[in-house]
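Structure first, commentary second.
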Amino acid sequence: MSTDSEQTPLLSARGDAAADKHDAVYNRFSRTRKRVIVALVSLAGLIPLFVAGAFIPSIPEIAREFNTTGSVVNMAVSLSLLASAIGTLTWANYSGFYGRRPIYLASLPFFTLGSLGVAQARSIPEIMIWRFVQAFGAGGGLSVGAGVIGDIYRLEERGGAMGVFFAACLLGPALAPLCGGLATHYASWRVMQLALFVTGVLVGTAMYFLLPETSQPHARGIDKLYEQQGTTQWRWVWLNPFKSLALFRSPNLLAVCLAGTFVLLTDYVMLLPLAYTIGQRYGITNEALIGAFFLPCGLGNIIGAPLAGRVSDIIVVRWRKRRGGEWVPEDRLRGTLYGACIFVPLSVLCSGLVTHYIGGTLGIVLNLVCLFFNGLGVDLVLSPSAAYNVDIMHSRSAEIMAANTGFRGAFISLATVGILPLINRVGVLPTNILSAAIAWMGCALLWATIRYGDRMRAWVDIGYSTADTN
């Protein structure tokens, strides 16, 4: 028996003439040029995850150098997540007005300067200030990149392209901790920050020479301003970076964002205090080995993102064909349930049980397995969710991605402040049980959105995309 959401489409089938005209928008770039664009924005999307991941294995070393505690240094991670959230909202909002290319060229210098500042810092306050600048500059990588994907790929290709984008970006969680750990153990934590500085210079140069403007014709705010003024003279316009958060008036967008946030939180519960949980439990103090523990989670990310994107495309096509061409956007979310309901909560729960009850080599191996399935499960949720957001808010794709990333970053930045103190107070197992319970709440939100998506959209109409704009 079909559900209400299965019977009530948001988008209807287009006529052949309208389809040809609409598809021309996505034929502006050749297949090869699109791949180059995806590679460039993936590099930029990789940066914010490298900023966070490369720092974590160096926390104990920084604490020793500045004669403080891991909890204090951990606040630099939380602050950078908040800065990244603010940066995400700011850069994405301006990318919708001025275009994608100018924003990349404006944001990367902040990241580059911040990285150099962190490398030269001589106190914890200096680290926190420069980490804020660094993360603010890197913040637009994911949201603006997702907007670029929406600019150049049509609906039936978007999930797969988004999956490839996320898979490339999520090399960060796989490689950054290992690189940061190796640099810290064999040289200094400052070396990793200098490497990020060099990366910023190289990526900025590549963007300048190779990235075209991808915004769809007459879609930018500046284009509309030119039409109103009757002139093409450039001018600066102040925009409210938090304006995109108003999109969460939509119950659908809010539910999907909360679900993704609850799922992603398990990543931080398992990885952020790793040196003080798995490291202490199994007597691992080598920063390079601590960084290597992040590899299984990153491998799960790399496998999960393109897999989830491709599967969500197949689900969309299959259900659309089943309805004779009518499309219900929540169909794309059906692919998230295995990750949200099974892989994510069970992996964090099992990791807590293993760490608490099983010692030795067996405990280490089982924890690595849990980390892999957590990484896999998180991307089975996040990749289709990102494509869903772009599907239903296509004209404001960068803004909705920014709202998601910004809200998620702000929430997790506050939550991460309490992770290590909570573990110190109640232990690893109770903390992981709480995290698993929160992840199951996310699963419930996704199920409700799939089941009642049409009714939820009817509550608040914020200008959802139509067939002609998707």
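Placement of Cβ uses the backbone N, Cα and C atoms for every residue, glycine included.
Under the heading domain 'Major facilitator superfamily (MFS) profile', TrEMBL lists 37-454.
Marked as transmembrane segment by TrEMBL: 36-59 (among others). Within the chain, the transmembrane segment (36-59) has long-range Cβ neighbours (under 8 A, six or more residues past its boundaries) at 29, 70, 73-74, 76-77, 80-81, 84, 104, 108, 111, 131, 134-135, 138-142, 144-145, 148-149, 152, 161, 164-166, 168-173, 175-177, 179-181, 183-184, 189, 192, 196, 199-200, 203, 206-207, 210-212, 214, 271-272, 274-275, 287-288, 290-291, 294.
Here TrEMBL flags 71-91 (among others) as transmembrane segment. Same-chain residues lying 6 or more positions outside the transmembrane segment (71-91) and placing a CB less than 8 Å from one of its CB atoms are 48, 51-52, 55-56, 59, 62-63, 103, 106-107, 110, 124, 127-128, 131-140, 142-144, 241-242, 244-245, 272, 401-403, 405-410, 412-414, 416-417, 420-421.
Among the features that TrEMBL reports, transmembrane segment is placed at 103-121 (among others). Sequence-distant contacts of the transmembrane segment (103-121), counting only residues of its own chain at least 6 positions beyond either end whose CB sits under 8 Å from a CB of the stretch, comprise 44, 47, 51, 87, 91, 94-95, 127, 129-140, 144, 190-191, 193-194, 196-197, 199-201, 203-204, 207-208, 211.
Taken from TrEMBL, the feature transmembrane segment covers 127-149 (among others). Within the chain carrying the transmembrane segment (127-149), a Cβ under 8 angstroms from the stretch's Cβ atoms is held by residues 37-38, 41-42, 44-48, 51-52, 55, 62, 73, 75-76, 79-92, 95-96, 100, 103-104, 107-115, 117-118, 121, 158, 161-162, 165, 169, 196, 200, 214, 386, 390, 397-398, 401-402, 404-406, 409, all 6 or more beyond its ends.
Listed as Cβ neighbours of the transmembrane segment (161-183) (distance under 8 Å, sequence separation of 6 or more from its ends, same chain) are residues 38-39, 41-43, 45-50, 52-58, 141-142, 145-146, 149, 153, 189, 191-192, 195, 267, 271, 286-295, 297-299, 301-303, 305-310, 312, 375, 379, 382-383, 386-387, 390. The transmembrane segment annotation in TrEMBL covers 161-183 (among others).
According to TrEMBL, the transmembrane segment annotation covers 189-211 (among others).
Positions annotated as transmembrane segment by TrEMBL: 253-276 (among others). Long-range Cβ contacts of the transmembrane segment (253-276) within its own chain (Cβ-Cβ under 8 Å, at least 6 residues beyond either end) map to 56-57, 59-60, 70, 74, 77, 173, 177, 247, 290, 293-294, 297, 333, 336, 339-340, 344-345, 347-348, 351, 370-371, 374-375, 377-378, 381-382, 385, 388-389, 392-393, 400, 403-404, 407-408, 411-412, 415-416, 419-420, 423, 431-432, 435-436, 438-439, 441-443, 445-446, 448-449, 456, 462.
The transmembrane segment annotation in TrEMBL covers 288-316 (among others). Long-range contacts of the transmembrane segment (288-316) within its own chain (CB-CB distance under 8 A, at least 6 residues past either end) are made by residues 53, 56-57, 155-167, 170-182, 184-186, 267, 270-271, 274-275, 278-279, 327, 331-332, 334-336, 339, 367-369, 371-384, 387-388.
Cβ atoms under 8 Å from those of the transmembrane segment (337-358) belong to residues 259, 263, 266, 269-270, 277-278, 281, 304, 308, 366-367, 370-371, 373-374, 376-381, 427-433, 435-437, 439-440, 442-443, 446-447, 450 of the same chain, restricted to positions at least 6 beyond its ends. TrEMBL lists 337-358 (among others) with the feature transmembrane segment.
As annotated by TrEMBL, transmembrane segment applies to 364-388 (among others).
Residues or ranges marked as transmembrane segment by TrEMBL: 400-423 (among others).
Marked as transmembrane segment by TrEMBL: 429-450 (among others). Distant neighbours of the transmembrane segment (429-450): 5, 252, 255-256, 258-263, 265-266, 269-270, 330-331, 333-334, 336-337, 340-341, 344-346, 348-349, 351-353, 355-356, 381, 419, 422-423, 456; these residues of the same chain sit at least 6 beyond its ends, with a Cβ under 8 Å from one of its Cβ atoms.
Non-local neighbours of the transmembrane segment (364-388) in the same chain are 146, 158-159, 162-163, 166-167, 170, 173, 256, 259-260, 263-264, 266-267, 270-271, 278, 282, 293-294, 296-301, 303-309, 311-312, 329-330, 332-333, 335-336, 338-340, 342-344, 346-348, 350-351, 354-355, 358, 401, 404, 442, 446; each lies 6+ residues outside the stretch with a CB under 8 Å from one of its CB atoms.
Remote same-chain residues near the transmembrane segment (189-211) are listed as 36-37, 40-41, 43-44, 47, 50-51, 54-55, 58, 61-62, 100-101, 104-105, 108-109, 111-112, 115-116, 118-120, 134, 137, 179-180, 183 (criterion: CB distance under 8 Å, separation of at least six residues from the stretch ends).
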